[in-house]
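Shown next, in structure tokens, is the structure this report addresses.
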Amino acid sequence: MAIKSLNDLLAEGVSGKGVLVRSDLNVPLEYLDGNIAHISDPGRIVASVPTIRALAGAGAKVIVTAHLGRPDGKPDPKLSLAPVGAALGELLGQHVQVAGDVVGTDALARAEGLTDGDVLLLENIRFDPRETSKDDAQRLALARELAELVGGPTGTGGAFVSDGFGVVHRKQASVYDVATLLPHYAGGLVAAEVEVLRVLTASTERPYAVVLGGSKVSDKLAVIESLATKADSLVIGGGMCFTFLAAQGLPVGKSLVQLEMVDTCKRLLDTYADVIHLPMDIVAADEFAADSPSEIVAADAIPDSKMGLDIGPESVKRFAAVLSNAKTIFWNGPMGVFEFPAFAAGTRGVAEAIIAATEKGAFSVVGGGDSAAAVRALDLPDDGFSHISTGGGASLEYLEGKVLPGIDVLED
């Protein structure tokens, strides 16, 4: 099925037209010294700029909607998009208005006062409980109010651009329902993300290596099941590797283990023994703390008193050897607690192996989420990878073969 693109909309002409853009601006935000907002990783804001800039530059009246965190359907000053709006304005090189509400009197007044090329950012869409409601009627009611901001009282004069790939797996008012009311288009970011994932699923060059990390097997069971049948190698690290080690009957000490998933991991190991690669050694510590004393131990000899917080150097070498031969690589999830410098070497080592493979011609995709955060936290070059996704959960669900509501609704 065809999806209309941002270029299609620009070709139709947007000068003087209201355009609602659903962006993904969910960035890590903390307040320093009480009131000074600090965005530690502006990657998603940066990725949102090209679509917004193209529309504003073509004379559209651009209204951006996005979420930040999980405010549980009510206003939370610490989750206001005001600091994000300031950062967006700096990147765009123009003033970005920030409404004091989602679809209330301030948003409506500001929308009515927009001139060609202006940009307005609505307040955190999740301040309105209807955004994430399971009730179709409630979501549709909010979607109508959003549509009216760009299309007037009838909501028919504007357009909708979906450019928040990180939320396209959610059936939410600003992602799905509003697209049923307005002419809809995929923004440049969403179109690029979908194209990359189609390469991973439809035209993968082999050998195909998948690297999965993170803490819980249950979070990635479906994608493990799916990719184990498609990949030539499935490298598993992070906290979830300990459930696999436990499934082999090995001692894991105080490491994170999902006991209810042990039998499932055993089945996976039996079925895909030639595909799955587990760590050979572990960086173990006394407790989950940045300054906890650590030692490198064999993966089959983790002491009862210790917990694994990273993969060891021999594991990095083994995984790097697998990756060095790959032509296609998908990575989702860190190999250890990269936020603690003492336990970041595994993630860094595997990431550098992916970069080296990319330099040799491999097509590499970082699957968003914590993996993308690790790339930036460890000061690794974004351009060392073929593509860094802005949507961890959306990427995984696409690779599982699930229908993504925010993509499905765009298809004509």
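Just so it is clear, glycine is given a Cβ too, placed from its N, Cα and C backbone atoms.
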Which one of ARG126, ARG267, ARG318 goes with ASP24, LEU25, ASN26, ARG44, HIS67, LEU68, GLY69, ARG70, ARG170 at the substrate site, as Swiss-Prot has it? ARG126
Return only the integer: C-alpha distance in Å from ASP24 (substrate binding site) to LYS220 (ATP binding site). 22
Rounded to the nearest Å - Cα separation of HIS67 (substrate binding site) and GLY369 (ATP binding site): 16
Give the maximum pairwise CA distance in Å, whole number, for the residues LYS220, GLY308, GLU339, GLY368, GLY369, ASP370, SER371 listed as binding ATP. 24
How many Å lie between the Cα of GLY308 (ATP binding site) and the Cα of GLY69 (substrate binding site)? 29
